[in-house]
Ligand SMILES: [Zn+2]
């Protein structure tokens, strides 16, 4: 019960495919494939708690909304729950005209009949026949030879043909899967598919879907691509078949295998949203779709509100979408490290000055806004974050754009809190520490009211009412401008020797009630640097408040 020093005594490498003139490595994917969601079948059968009708209907509606035009809705012969759900879909007219539902059946006459009955009355549908063809299954699971395995497929195809004739009002499509294709002899898979085609007689106008599953992923994805290219090149009547991929993720490359399979000539991809499915799951349709999107190819699937997609999928599957799942995970548009935050912040700023729409932001392969994610969620702050993170949060959340040197000052407060709490800081945490650090909830000096007048010599006179420790006092002072007259007042009335070294102000971004923020950097007689912040509807008053906020630090 331990890992082997020499695993080759137990595991054999997958044999490569002899295809020296393979073409797929230099191809690119320039258009979206046909998509089939098997969430309600392959996905559902892998759940701890399989979906009931309510969840299945909700999932079905989500798939339609996302834009799936082919949806495998179940295994009708598996039992009453499956059968009744599919009948319900048909009877309630829930299936849009342009959507094809698909049902899966093993190659047995009674099961195939039940499958057709579950769909009776539907405008169009795909019946999906499968049997396993690879040596391990032939020998270990069934104890059958190749001719008998092929016979199973052919017999199933004949039942498909005959059953379809019983329901002529429906436009039937057929799909055949040589299950375990990726671990089977290629020529035998071809032989089975050709035999099925001989029965069903597909044409370019009414093609058969040949679905080639990596039922268990067993090799690197380039080998799957070789298998697909070999199959496409050697299938007679290739134009009468839609080549479909069905990859699983046992080696963690289900998405890669599907993508290389498309390069190798396939037309269609089967999978599940966020890669649910048996064991490690099916190919993730969200990832393949959005990978295409970020190459400038319209996937024909709409993930504009990815959070809604996730919440429905999580609700129906009762499984969480991993925090780092491509495109959808909670953390994939989030940067904690200071250098990443800084680069992203600069990227967003540069993006605003572009005169085209092209996306080029460091660390973000896709614009989160395209998926309905907000920029505010991009940058989060913990003890690993530098100045960029909280400055971004303050700007997004409160509209405050702190001057550079003040950011450096405030970062010490943020760092202290992050270390003290030992967890990620929320926007609220940062706002609280800001209010405290710059005395935004009051202090010893509180401005009640003031007037500014211009003296005959051009100087300014500040005459104000300031509450000092709760006692309102009328005070005044004179200076070259408003702020220096406030400084003079503080000196004359209270003996505070403040000197303003720097001042800046800006209108608050966002929000309907226009406000301004003012920042002062001051030096005390003993050489300390202190900062003050004031926010007010009136920009001049914001400045006065900023000076008093600094005074409250003394
Ligand atoms: Zn599968």
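Placed from the backbone N, Cα and C atoms, the Cβ positions cover glycine too.
Please treat TrEMBL annotations as automatic predictions, because they have not gone through curation.
Fair warning: this is a prediction, and the values are worked out from it, not measured in the lab.
Taken verbatim from TrEMBL:
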- 33-307: domain 'Pyruvate carboxyltransferase' (DOMAIN)
- 42, 246, 248, 282: Mg(2+) binding site (BINDING)
- 441-554: region 'Regulatory domain' (REGION)
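Taking the centre of the Cβ atoms of 42, 246, 248, 282 as the Mg(2+) site, the nearby residues of that chain (Cβ within 8 Å, site residues left out) are 38, 213, 215, 247, 254, 270, 271, 272, 277, 278, 281, 283.
Looking only at the binding-site residues 246, 248, the densest Cβ neighbourhood within 10 Å occurs at 246. Mapped onto three states, the DSSP output places residue 246 (Mg(2+) binding site) in strand. Fewest Cβ neighbours within 10 Å among the binding-site residues 42, 282: this applies to 42. The region 'Regulatory domain' (441-554): residue composition by secondary structure is 26 helix, 53 strand, 35 coil, according to DSSP.
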